[in-house]
């Protein structure tokens, strides 16, 4: 095994550069390299390092000194995406054989630029996995074309008039048995596919969701179809397809979100993705699914994959933000006991209270998102084996509930955390070059796409309420494959529990907030169940009753349940026997801090329901939070070193690993950008230009190269516009 630290020309975990942060690192209670090894493992550390090194050493990924125009940014982003495929970080067999590498690659690319990561993710995973998991052997011909970029894909579900209400999508697919073709059609502009990532400029194919109609006019509900929307050679729209870009967004502007309308576009019958339902040549609909709700769930199964991935993307943004803010706070000196002695702002309890809970949240949510991703892989493997067991169906429902609350919790936590980090860095945090603004804008859509957060939470609360209904009506045990709801079997007894702590020290282990969370979920489940029944008894329809229960009952129920799941999984992970002894104390503190900090946001409910009584209970939790922040303060920089990417990737002068922001305050010159040949989609850098030598080849180049010494004269018009006039 290659060494993780010193003693190698290319160590997996090289020593960090010396600088002002040395003093903070010296106070750490644990070796950061040992935690990095425990957290990711040596193979994953090597894989991440290979990605980061490739990006840093490739001129195509050099950071420009200023803002690019929308068109230049999107063209550059496509070329970068193409280069990622050329590096062959990910192969087809890795999709199921090495799922952790899939997740790691997307997150590493996201640390560099979410426009690039999302473009790559939508093509390989969202588009590719939809074909793989929703189709059959006849569709696997597309997979090699995805990975060699012979085609470029997108996932077209959302329409102008419908997003969250997927059942109401209005694009149609009528089957014509005389030609064995499906006719894809948009009845009007409100049925246009909209917000589709990659569709704006570069996608050649789309997985299009449409209502399937068989001869005779019967609708069989929403189904996915593979539809070619552009010619791969010219990128011109296919006949009957109107496709374009929707314009500039608040963030992720390297990603070309687009729209499409279809006017009686014919596709072969075989391009129906047929895992849940198929058509015979004569037009007879056949399916193994007997229940319409199960069919709908299978058709949209790929959405759980997207939601799990978005939870992980949000965690990455939180990691980057706390890395920047804590490194800055450990070196930024303000005020002190005397006028001559200023202290780092991280020494102040207020700064600790603002930032360290988000550091703990980054660790807790990182572990949860990774574990949920592996649960999802188990589900997908069962689907590929055509597992029709009751356990497989229940696993799908449980993962759907976890993903539907996991995305809101992770994206909202990151949203609040990034903003807190921005403010905690003062004016420097508001400076664009320090990246916190970009992180905030790039994270923002995580709260919306693949389902509005508040709407998604209803899926989780409905799942929990359904368990209670089945228990009360038929006496069924409350249990699930991943055991996230098994504690509810003791639901009546748990409601009788009360907080028994007598001092803040009693709260310094995450088992205490874990017990409180179990009570809280049971209390909110009872309140939601009673509220729902009261609404129905008062004459409200089921639709009205559920809507009237959301704000103060079902929404907090879903969030509390997911927080409990995160707390439990992190608690079990850091208290397992094989945790290295030097890491146990710091990981235990992180677990307790996240649990208490998250629980403290529900203090009013804990008092209202009677779990807390007297002012001392609330004070004990608050004092324990402050005590844990004080204990973790000296470990903060080392904890950041475990999760922070290299400086080139982090790209924040105030977040540099050496703690020397002054040396990063000027944007670096931009001479390493390669001269590009004009080959359309096959544009590639001139090799001599990439080596910083004058180019003497006769191919057409950029009109202006950023480095004057390398600026060749064009040999003919029609040049590639990428990065012109920088």
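Glycine is no exception: its Cβ is also placed from the backbone N, Cα and C atoms.
Given the structure is predicted, the values throughout are model-derived calculations rather than measurements.
The following features are taken from TrEMBL:
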{"type": "ACT_SITE", "residues": "450", "note": "active site, proton acceptor"}
{"type": "BINDING", "residues": "158, 197", "note": "FAD binding site"}
{"type": "DOMAIN", "residues": "301-465", "note": "domain 'Acyl-CoA oxidase C-alpha1'"}
{"type": "DOMAIN", "residues": "511-660", "note": "domain 'Acyl-CoA oxidase C-terminal'"}
* Asked: When you measure from the Cβ of residue 158 (FAD binding site), how many other Cβ atoms are you left with inside 10 Å?
  -> 20
* Structure fact -> Across the domain 'Acyl-CoA oxidase C-terminal' (511-660), DSSP yields 121 helix, 0 strand, 29 coil
* **Pairwise Cα distance for residue 158 (FAD binding site)/the residue listed as 'active site, proton acceptor' [Å, integer]** => 9
* Close in space, distant in sequence - the residue listed as 'active site, proton acceptor', Cβ under 8 Å, 6 or more apart -> 303, 306, 307, 310, 407
